[in-house]
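Participant: Checked TrEMBL, it gives:
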- 33-146: domain 'Plastocyanin-like' (DOMAIN)
- 159-296: domain 'Plastocyanin-like' (DOMAIN)
- 376-445: domain 'Plastocyanin-like' (DOMAIN)
- 1-22: signal peptide (SIGNAL)
Amino acid sequence: MPLNLAVALFCATASLFAIAGADDPYRFFNWNVTYGDIYPLGVRQTGILINGQFPGPDIHSVTNDNLIINVFNSLDEPFLLSWNGIQQRRNSYEDGVYGTTCPIPPGKNFTYILQVKDQIGSFYYFPSLAFHKAAGGFGGIRILSRPRIPVPFPDPAGDYTVLIGDWYKSNHTDLRAHLDLGKKLPFPDGILINGRGPGGASFNVEQGKTYRLRISNVGLQNSLNFRIQNHKLKLVEVEGTHTLQTTYSSIDIHVGQSSSVLFTADQPAQDYYIVVSTRFTNPVLTTTATLRYSNSAGPVSGPPPGGPTIQIDWSLNQARSIRTNLTASGPRPNPQGSYHYGLINTTRTIRLANSAGQVNGKQRYAVNSVSFVPADTPLKLADYFKIGGVFRVGSISDNPYGGGIYLDTSVMNADYRAFIEIVFQNDEDIVQSWHLDGYSFFVVG
């Protein structure tokens with residue numbers, strides 16, 4: 001009980017400091033997380049709703065806003081939300097993954113206090129415990145630039161959140177039990193666009209106007225390709241960074257990624273297919289939504305346009321073509337690119353290799369042979385209160401050593417403000433997605 005009291009005092013103290021120390025605007029959200037019946041692929045299943053919504057409500061904010069999000073957990077098990085891409089400056093306590101934040105017990109609430117300090121762009125939130133992501137609980141986050149900060153493209157006529165992801169007809173509890181029996185996940189049953197199956201979602205546009213789509217892959221494992229029949233996509237932002245504006249006929253969005261594209265409704269007035277399909281899979285799963293012109297003369301016609309399927313080079317070349325716009329203003333009124341990241345001397349290189357296997361009859365996944373075991377006490381609290389025996393720094397190596405998988409509460413140390421090169425090594429025959437969150441990461445190769 002003393003630890004619980006200490007945790008409560010720590011949370012309250014942190015909250016008071018956060019509120020007292022900032023003058024930027026506040027946005028308040030009250031969320032109730034519940035189970036509810038959903039029918040995204042035509043069959044009834046148990047979903048996770050936020051304020052009765054699936055997907056959850058969008059968070060709209062502006063650079064430097066303070067977000068006060070009170071989350072009440074009405075589920076029958078602990079629940080935890082992660083804020084994908086929101087920087088946790090100096091303290092990752094509220095990052096929302098197991099080990100940083102206490103899970104919210106059933107029937108209790110927790111208030112997240114986040115500041116989108118010096119950030120812009122498109123992100124999303126998702127539940128990070130107990131395979132809850134397979135039941136919902138996710139939603140979009142958008143951070144607009146402050147009014148006096150120029151954006152490198154005119155204001156669009158509309159701005160839509162587009163959440164895409166693979167989906168199963170099975171409840172998340174059944175999928176979780178499937179893994180616990182030592183099996184891998186089966187092939188998904190379909191793909192959702194904003195929580196709806198084939199033909200379920202629609203987006204309204206006016207002819208001649210330009211629109212912004214904030215596309216996030218909120219699925220479990222599959223890379224997806226996004227395209228609009230007869231329309232070009234201009235990439236303008238990835239993960240909160242303005243990009244050089246490159247035009248594509250379709251774009252790959254990998255698990256966890258968020259990108260913004262502009263498109264102009266410059267085609268004859270009718271309805272058009274919006275298509276999302278899986279990449280690197282056999283068979284290929286495909287779903288559609290509808291782009292509906294306000295003066296449409298007719299419904300969609302013909303087959304949905306095809307896209308890339310198993311071509312790895314196509315995806316790699318597209319990723320290599322994405323470049324940061326160094327002349328665009330950042331969240332603050334100073335040009336990006338004034339600091340040359342290419343001249344930084346990295347002080348440490350970490351090589352992380354993923355692997356899969358069974359341990360004690362259960363399907364496990366590992367990094368440098370360590371399969372993570374959650375501790376009873378969140379690691380950030382154990383570190384803050386100097387509680388011994390919860391974890392040991394260095395319990396995972398900087399490089400793979402090729403040994404078999406073993407269980408441990410793996411923790412790696414890093415120095416504040418150090419520039420570290422992290423190399424990811426995937427020796428498996430599936431795409432591997434990594435979630436790096438909490439502070440600043442830059443893809444360099």
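Backbone N, Cα and C atoms are what each Cβ position is placed from, and that goes for glycine too.
Describe the structural surroundings of these features, if you would.
Facilitator: The residues of the domain 'Plastocyanin-like' (376-445), classed with DSSP into helix (H, G, I), strand (E, B) and coil, number 6 helix, 10 strand, 54 coil.
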Participant: Note the mean pLDDT of the domain 'Plastocyanin-like' (376-445), expressed as a whole number.
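Facilitator: Its mean pLDDT is 88.
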Participant: Mind tallying the domain 'Plastocyanin-like' (159-296) by DSSP state, helix then strand then coil?
Facilitator: 9 helix, 72 strand, 57 coil
